[in-house]
Amino acid sequence: MRVVVLTGAGISAESGLSTFRDSGGLWEGHDPMQVATPEAYDDDPGLVQRFYDERRAALARVRPNAAHDALARLEARLGEDLLVVTQNVDDLHERAGSARVHHIHGRLRSAWCTTCDERHPWDGPLGDRPPCPWCGEATLRPDIVWFGEIPYGMDLVERALGECDLFVSIGTSGVVYPAAAFVHWARGTTLELNLEPSAGASDFAESRQGPASRLVPAWVNELLGEGPGTST
Ligand code: APR
C-alpha cells in the first residue's frame with residue numbers, strides 16, 4: 001500500500017512548538033505577514049532574521065512526540081511506500097527517525113545564499129550576517145518558503161499523490177495552498193487527523209478529531225494490524 005502523509009503545525013504542537021493560527025492569528029506574537037514574506041525581509045531583514053534565529057534555537061528545546069514516533073515506525077514497515085510531506089520547518093520528523101520526509105516550506109536548519117544560490121546546513125544564528133561558506137557574501141537568509149514564494153518539489157508531491165492508495169492529512173488547518181488542495185490530487189482514499197475539523201474536512205473520505213499524539217499512533221496501529229485502533 002502506497003501512503004502519502006501531509007503534516008502541518010498541529011503535529012508539532014504537543015512538542016511545544018506553536019502553530020500559526022491557533023493564537024488569534026499570531027505566530028509567536030507576530031503577524032505572519034510581518035515575518036514570513038519576501039517584502040517583510042526587504043523592509044526589515046534584522047527583524048526577520050532574529051525571528052527565525054529564535055525559532056531555530058527553540059528546536060534544541062523540544063523533542064518529537066508520539067505522533068512523529070508513530071510515523072517513523074510506519075516508515076520502518078512501509079519503506080519507500082511511505083512519503084511524509086510536511087509544511088513544517090522543524091526537524092522533528094527526522095529526529096524521530098523518519099528519512100523519507102519532504103519539506104515543501106523549507107527547513108529552519110538550512111541557510112540559503114541569495115548571491116550564489118547555495119544551501120548550507122545551519123544551526124547557528126543568521127542575524128549577525130555571517131558570510132556564506134561558499135561565496136563569502138553576507139547574503140544568507142532562512143531557507144524557508146515565505147508567502148508568495150513557490151513551495152519546494154511540487155512535481156515530486158504531485159507524482160506521489162497521483163500514485164498513492166491512501167492520503168492522510170495530520171495537524172493542518174487546510175487554508176494554505178497548495179497543500180490544501182492535496183486531498184483533490186490524491187488518487188486513493190483520504191483521511192484527516194486533526195484537533196478539530198479543518199477548513200477542508202468535508203473533502204476527506206473520513207475525518208477524525210483529537211490530539212495527534214493519540215490519533216496518529218492509533219491510526220498507525222490500525223494500518224499495521226498492531227493493537228487497538230481508534231474510534232472517530
Ligand atoms: N493535534 C492535532 N492537530 C492539532 C493539534 C494537536 N495537538 N494542535 C493544533 N492542531 C491543529 C489545529 O486545530 C489547526 O487546524 O493543527 C492545525 C494547525 O493549523 P495552522 O496553525 O494553520 O498550521 P498549518 O496548517 O501547518 O499552516 C500551514 O501556513 O503560515 C503558513 O507556512 C506556514 O506551513 C505553514 C502553513
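Glycine is no exception: its Cβ is also placed from the backbone N, Cα and C atoms.
Unlike curated records, TrEMBL annotations are generated automatically.
Annotation source TrEMBL lists domain 'Deacetylase sirtuin-type' at 1-226. Here TrEMBL flags 8-27, 87-90, 171-173, 194-196, ALA212 as NAD(+) binding site. Positions annotated as substrate binding site by TrEMBL: TYR52, ARG55. The active site, proton acceptor annotation in TrEMBL covers HIS105. The feature Zn(2+) binding site is assigned by TrEMBL to CYS113, CYS116, CYS132, CYS135.
Note on proximity: among GLY8, SER12, TYR52, ARG55, GLY171, the binding-site residues of the record, the Cα nearest CYS113 (Zn(2+) binding site) is that of TYR52. Note on proximity: among ARG55, CYS116, CYS135, the binding-site residues of the record, the Cα nearest GLN87 (NAD(+) binding site) is that of ARG55. The Cβ of CYS132 (Zn(2+) binding site) lies under 8 Å from the Cβ of CYS113, THR115, CYS116, GLU118, HIS120, ALA138, THR139, LEU140, each on the same chain and at least six residues away in sequence.
Proximity of the binding-site residues GLY16, TYR52, CYS113 to ligand 1, judged by a Cβ distance under 6 angstroms to any of its atoms, singles out none of them.
A C-beta separation below 8 Å, combined with a sequence spacing of at least six in one chain, links GLY171 (NAD(+) binding site) to THR7, GLY8, ALA9, GLY10, ILE11, SER12, ALA13, THR19, ALA67, LEU193, ASN194, LEU195, ALA212. Each of THR114, THR115, ASP117, GLU118, PRO133, TRP134, GLY136, GLU137, THR139, LEU140 belongs to the same chain as CYS113, CYS116, CYS132, CYS135, is absent from that list, and has a C-beta within 8 angstroms of the C-beta centroid marking the Zn(2+) site. Taking a C-beta cut-off of under 8 angstroms and a sequence separation of 6 or more, TYR52 (substrate binding site) has the following same-chain neighbours: VAL35, LEU108, LEU126, PRO142, ILE144. The binding-site residues listed here are CYS113, CYS116, CYS135, LEU195; among them, CYS113 has the most other Cβ atoms within 10 Å of its own Cβ. Checking each of the recorded positions ARG55, HIS105, CYS135 against GLY16 (NAD(+) binding site) by C-alpha distance, the shortest gap belongs to ARG55.
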